[in-house]
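Feature annotations, reproduced from Swiss-Prot:
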type	residues	note
BINDING	CYS32, CYS223, HIS248, GLU252	Zn(2+) binding site
BINDING	LYS283	ATP binding site
Amino acid sequence: MSQPELLLFDTMARELRPFNSIRANKVGLYACGPTVYDYAHAGNLRTYLFVDVLRRTLEINGYEVNHVMNITDVGHLVSDADTGEDKMEKGARKQNKSAWEIAQFFEQAFFDDLKLLNISTPSVTCRATEHIQEQIKFIQELETKGFTYQTSDGVYFNTDRLADYGKLARLDKQGLEAGIRVEMAEKKHPTDFALWKFSGDKPRQMEWQGPWGIGFPGWHIECSAMAEKYLGDVFDIHVGGEDHIPVHHTNEIAQCQAKNGHVQANYWLHGYFLQLKKEKISKSGTSLRLDALVAKGYEPMAYRYLTLTSHYRSHLSFTWEGLSGAQKALHRLRNKVAFLPSNGNVDESYRELFMRHINRDLNMPQALALVWDVLNSELLPENKRATALFFDRILGLDIHKIETVEIPEHISRLVELRTQVKRQGNFKKADAIRNQIHDLGYQVNDSGDGSTVTIRS
């Protein structure tokens with residue numbers, strides 16, 4: 001059967017576009033990573049789940065993916081308008097630790113979360129603090145080409161030099177100029193942004209000697225410099241959250257156009273927010289951190305399941321009822337798959353339908369629904385399992401695994417009693433014991449290897 005064409009929604013073009021890689025069977029993918037001054041929350045993690053699904057989809061289509069992700073451990077100011085203090089310095093003061101300790105701690109916490117959510121590790125992880133010279137060199141080239149100017153607090157990019165600045169976000173640059181109501185200090189235009197910020201009179205924990213003075217790089221320059229180092233000055237796909245469109249990605253594009261004469265990525269993909277009561281979730285609260293969900297009795301993979309029920313370009317409203325429903329559905333799915341026989345074959349008609357769903361801009365709600373269709377179909381049991389596990393290469397739910405739980409002693413005794421009466425041929429009594437176990441909140445699963453017990457969903 002023919003492979004359906006892979007279509008991706010390109011934010012720059014505002015349309016679905018057939019995906020064609022620069023090099024045959026290889027993809028360069030750059031993902032904006034976390035600013036490691038605090039724990040990631042569920043909204044942050046939704047973006048990385050979307051990136052994981054994208055990577056898995058590319059791989060199942062036969063591509064070798066070079067997935068590069070940055071770690072912002074310096075330079076991201078509290079305000080995207082280049083004002084306020086560095087988030088790392090602020091986090092260090094809050095935790096009474098050094099900025100370096102904060103970065104190391106929260107970077108590890110972030111990767112722990114990725115592991116719990118079964119998110120693939122990037123091919124390359126690059127920290128901003130380990131690429132200062134690359135960023136300085138990038139700024140110097142912009143300076144040589146006349147795209148920068150210096151103020152008393154730093155070196156800025158002159159957005160007026162680019163005729164199509166803001167194309168990605170459809171920014172009304174003239175409207176911004178006319179409607180500006182905030183203090184611009186020495187900036188020439190409201191859209192100009194910092195490339196290098198001076199430390200000033202107060203020494204910082206993170207600062208470097210640059211050609212313009214002691215300071216630190218701006219937030220946007222790190223991604224342009226590191227993407228070019230690891231993927232070249234033009235690569236296939238750049239991804240991030242929808243909040244990156246109007247400022248961060250717009251400014252990345254400006255830097256690369258100014259330096260190289262072209263946009264750095266052929267496709268721009270953006271995941272939409274997770275919302276709580278129709279508002280964007282921020283890092284200010286702790287209730288939607290992954291460890292908080294676990295403390296409430298939810299397993300991390302239930303959150304992964306929940307995100308698959310909504311398209312990545314749709315806002316997902318978070319509710320505890322929704323997460324509970326996702327956990328129950330995940331348990332039912334595992335129980336259905338775990339006790340199906342092995343050594344089956346993937347059904348080709350279902351495979352083609354699944355590929356059609358995922359290849360049309362990662363339509364995971366339809367792909368997830370198809371798993372249930374397969375399990376409720378008339379396929380041979382072993383082929384149901386093989387087909388569902390093929391789907392799980394994209395879903396990433398590890399549906400062949402059943403969580404190990406401690407079974408209470410009185411339940412274990414009932415299971416043992418049921419096994420004995422079955423051996424004696426008293427199947428009516430065995431069924432009665434099964435029902436008793438069911439009423440107590442557990443499920444007996446019989447197979448050729450004996451019986452196992454799981455918590456009833």
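If you go along the chain as it appears here, the first residue is 1 and each next one adds 1.
Note: Cβ is positioned from N, Cα and C throughout, glycine not excepted.
DSSP assigns CYS32 (Zn(2+) binding site) to coil, not to a helix or a strand.
Each residue in ASN70, TRP219, HIS220, GLU222, SER224, HIS238, GLY240, HIS244, HIS249, ASN251 lies on the same chain as CYS32, CYS223, HIS248, GLU252 and has a C-beta within 8 Å of the C-beta centroid of that Zn(2+) site, without being one of the site residues. Here the binding-site residues are CYS32, CYS223, and the one whose Cβ sees the fewest other Cβ atoms within 10 Å is CYS32.
The binding-site residues in question are HIS248, GLU252, and the one with the fewest Cβ neighbours inside 10 Å is HIS248.
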